[in-house]
Structure formats: structure tokens, C-alpha cells
Ligand SMILES: Nc1ncnc2c1ncn2[C@@H]1O[C@H](COP(=O)(O)OP(=O)(O)OP(=O)(O)O)[C@@H](O)[C@H]1O
Ligand SMILES: Nc1ccn([C@@H]2O[C@H](COP(=O)(O)O)[C@@H](O)[C@H]2O)c(=O)n1
């Protein structure tokens with residue numbers, strides 16, 4: 001069974017994907033980390049994230065990079081969004097994602113193009129969203145709890161810039177896939193969002209069984 005979870009930055013898709021993983025006993029891949037790894041590698045080598053050849057050269061990272069705490073920063077998230085517009089970069093990361101998705105027993109992947117490009121035949125597809133202000137507030141709370149000094153206005157600007165870039169790029173833009181259910185977490189606690197996600201997945205699985 002493959003479950004695709006897509007949505008914009010800080011919508012809560014990673015939290016939901018992990019909870020679904022525990023509920024259904026499936027491994028989870030946060031595909032944003034792959035793009036973050038490329039962004040970080042470009043930064044470390046002094047390359048230009050907007051230059052396709054520089055970004056493509058950074059796609060040869062090893063999987064152990066994916067646990068580096070440096071990947072989690074807003075700055076690296078922004079670099080990830082810049083390298084992710086290049087078609088060749090996206091292509092270079094497809095195999096890792098499809099291999100994960102098609103492993104025996106099934107898998108859950110969260111990202112921006114899971115239900116549209118990576119696994120369009122996924123058994124269940126959820127598009128998680130939330131308002132820009134709620135998402136920025138989540139980033140703000142995260143940063144505060146890690147001893148940071150976040151600035152709300154720049155978090156809002158960063159999320160808006162990322163949304164615009166992710167939704168308007170030519171290749172695999174962020175959009176709700178055919179057959180995906182929308183889950184707006186703006187006014188939901190984590191527990192409520194997870195319960196709703198499980199109910200949506202169960203209903204999609206049941207519809208497939210009956211089809
Ligand atoms: N429904 C919710 N209510 C309150 N906080 C939430 C909710 N869902 C997630 N959060 C919190 O918001 C933050 C971002 O969530 P998460 O990492 O799941 O988002 P994401 O969409 O995977 O982000 P990104 O892909 O941009 O890294 C986390 O601190 C998480 O605990
Ligand atoms: N399937 C994906 C996943 C991510 N991206 C790009 O990476 C950026 C960082 O992603 P996070 O989920 O870690 O915030 C994101 O803004 C996208 O530009 C992608 O293109 N496809």
C-alpha cells in the first residue's frame with residue numbers, strides 16, 4: 001500500500017505522514033529532505049542554487065546526509081525550493097523516491113509531487129494545507145522552542161515566497177492531485193488532524209476495495 005501526503009511548507013504533512021506510518025505500520029520518507037540535501041550541498045560547495053548544472057552536481061549525496069540537523073533550517077528550506085525548480089534535479093531524485101514507494105509491504109511519502117508525479121497510482125492521497133499565518137506561527141513556535149529569535153514578518157514572507165515558487169514552477173508544481181482529499185489543519189490540533197487523516201485514508205481504501 002502506498003500513501004501519498006502532499007502540501008505546502010509547515011502545513012503539518014510530515015507530522016501526519018509519521019502518524020500514519022505508526023498507525024498503518026509503514027515506513028515514511030520525508031522527500032523534502034532530499035531537496036534540502038541538494039540545497040545544503042550546493043551551499044557547502046559554493047555553487048549557485050539557481051544554476052541548474054551546480055544543483056544537478058549536488059544530487060549525488062549519500063543517504064546518511066538526510067539526518068543532518070542543518071537540513072532543518074529555514075535557509076536550507078529556501079535553498080531546497082530554489083534547486084527544486086530544475087527539471088534535471090527533480091529527475092535525479094525520482095528513482096530514490098520510487099524505490100522507497102514500491103518497497104515490499106508499502107510506504108508513505110510526503111512532499112509536493114508525490115500524488116501527481118512520484119506515485120500517481122497511490123492507494124490513498126491526502127493534500128494537507130493550512131493558512132499562511134497558521135503555518136508561520138508553527139514555524140515561529142518551533143524556532144522559539146529551539147532557542148531561536150524568530151521574526152514573524154520574515155517567516156510569513158518566506159512561506160509566501162516558497163508557496164509561490166513551489167506552485168508556479170514549470171516542473172511538478174505543487175497542486176492537489178486528482179483523487180486527493182484536502183485536509184485543512186488550520187483549526188485542528190495535531191491529534192484531530194491525524195484522526196481526520198486516518199479517516200480519509202480508510203475511506204479511500206474502502207472505496208478502492210469496492211471499485
Ligand atoms: N495540526 C497542528 N496543530 C498545531 N501544530 C501542528 C499541527 N500540525 C503540525 N504542527 C506543528 O507544525 C510544525 C510543522 O509541522 P510539519 O513539520 O509536520 O510540517 P510540514 O508540512 O512537514 O513542513 P515542511 O515540509 O515544510 O518541513 C511542527 O512543529 C508540528 O509539530
Ligand atoms: N516532493 C518534494 C518535496 C520538496 N520539494 C521542495 O523542497 C522544499 C523543501 O521541502 P520541505 O517539505 O522540507 O519544506 C520545498 O519548498 C519544495 O520546493 C519538492 O519540490 N518536492
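From the backbone N, Cα and C atoms, a Cβ is placed for every residue, glycine too.
All protein chains considered, the CB of residue 11 (ATP binding site) has 26 other CB atoms within 10 Å. The ATP binding site feature in TrEMBL is assigned to 7, 8, 9, 10, 11, 12, 13, 14, 15.
The domain 'Cytidylate kinase' annotation in TrEMBL covers 3-201.
Residues 7, 8, 9, 10, 11, 12, 13, 14, 15 make up the record's ATP site, and a Cβ search at 8 Å around their centroid adds 16, 110, 128, 129, 130, 135, 185 from the same chain. For the domain 'Cytidylate kinase' (3-201), the mean pLDDT of the prediction comes to 97. Minimal Cβ crowding within 10 Å, among the binding-site residues 7, 9, 13, 15, is found at 15. Following the DSSP three-state reduction, the secondary structure of residue 9 (ATP binding site) is coil.
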